[in-house]
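> Got a structure here, written out as structure tokens. Questions coming.
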């Protein structure tokens, strides 16, 4: 990859340099997703069978995975992998449990009590991709916080393999996390099924999970139409690395490739004030690429990625906050000393021995993160993502006497007479 000198770019060129490859959804993709959603809305299970046969190449009589199939999944997964999944799930639970939101109660004035109650979303839908690779880790990342939140019903959709079955490790993850129902459905059609409901698939209140451009577009369209709530815009994976001259080139190359291998639409960026470091990373990339089973996919992603030379690390953080990466790696001598400069990122990885892959799997943080610049306004999935916050207030007779005058003044200033009257009647001062 060519090294770009940030200081040599004008404003337009700088903006172009930070443009994501999948930032603009092609018109044909948008129209295709709209058609798929409408087909599922009108045709239900029949439409799902037709679409699954068309895109996945399998004819399914039923979509739901049986209890027996879920139980059998454990025997199909190697003991070593089972143990790793159980260990990862425990760490994910420990981190997410520590950050859970609690009810609270405050007396805001004498005789006036305000509360916030935390309640689980009744039925949630989880989407677990299985396109270029079945991401059973995503089932852990979504299933654990859903269980901690107390959701009554957790529905999981994942694409079928060529034999019509779901990946055994995905099924095991679903079982480990207490998912209540699993369906072998993928793509935009799975999102539409969870949003509208069919004879087989229940209607969900909120849909979670990453996916390809079709999945992301389906989530966006259905959310914008008010059909279903979604977690966040979650598209192609991305990583931005800020490195100084002391960083390890081999480590950085490995981290860049771990994102690039996700798919050809992934993006990786390296920002550094050291030409020598970036040249060394380029050499390490070439060497490590030769050893990857998904080298061709990684090469396609690297083709639209960027190495950016900055004059100072302060500039690197300004660029990073503007880009708002899904993953931000600080390969710096004192990474924690720079953490206060981070204003927008999905998840941050500090130092040489915190590869992004740890967060993907088993450090405990969630890997379902905002992409495409959404980290400027969205956060990664947490237990709160699966909950509603309900406010409650109670005023006694003395309480309304205490604060009623304030409400009257504000209501009358806004010209809302009925609001004012509702307060005045209770204060015994209605005209």
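Any Cβ shown, glycine's included, is placed from N, Cα and C.
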> Of 237, 305, 379, 382, which one shares the substrate site with 259, 262, 327, 360, 414, 419 in Swiss-Prot?
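Looking at 237, 305, 379, 382, the one Swiss-Prot places in the substrate site next to 259, 262, 327, 360, 414, 419 is 237.
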> Could you tell me the C-alpha distance between residue 237 (substrate binding site) and residue 189 (NAD(+) binding site) in angstrom, no decimals?
21
> Quick one, of the binding-site residues 189, 212, 237, which Cβ has the fewest other Cβ within 10 Å?
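Candidates: the binding-site residues 189, 212, 237. Fewest Cβ atoms within 10 Å: 212.
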> Over all pairs in 127, 189, 212, the listed NAD(+) binding residues, work out the largest Cα-Cα distance in Å.
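Output for NAD(+) binders 127, 189, 212: max Cα distance 12 Å.
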> To test your reading of the NAD(+) site: which residues beyond 127, 189, 212, same chain only, put their Cβ within 8 Å of the Cβ centroid of those residues?
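For the NAD(+) site the neighbour list reads 129, 157, 159, 186, 187, 188, 190, 191, 211, 214, 215, 218.
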> Which of the listed recorded positions (326, 360) has the least company, meaning the fewest other Cβ atoms within 10 Å of its Cβ?
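Result for the recorded positions 326, 360: minimum number of other Cβ atoms within 10 Å at 360.
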> What does the structure give for the C-alpha distance between residue 419 (substrate binding site) and residue 127 (NAD(+) binding site)? Integer Å is fine.
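If we compare the Cα positions of residue 419 (substrate binding site) and residue 127 (NAD(+) binding site), the gap is 44 Å.
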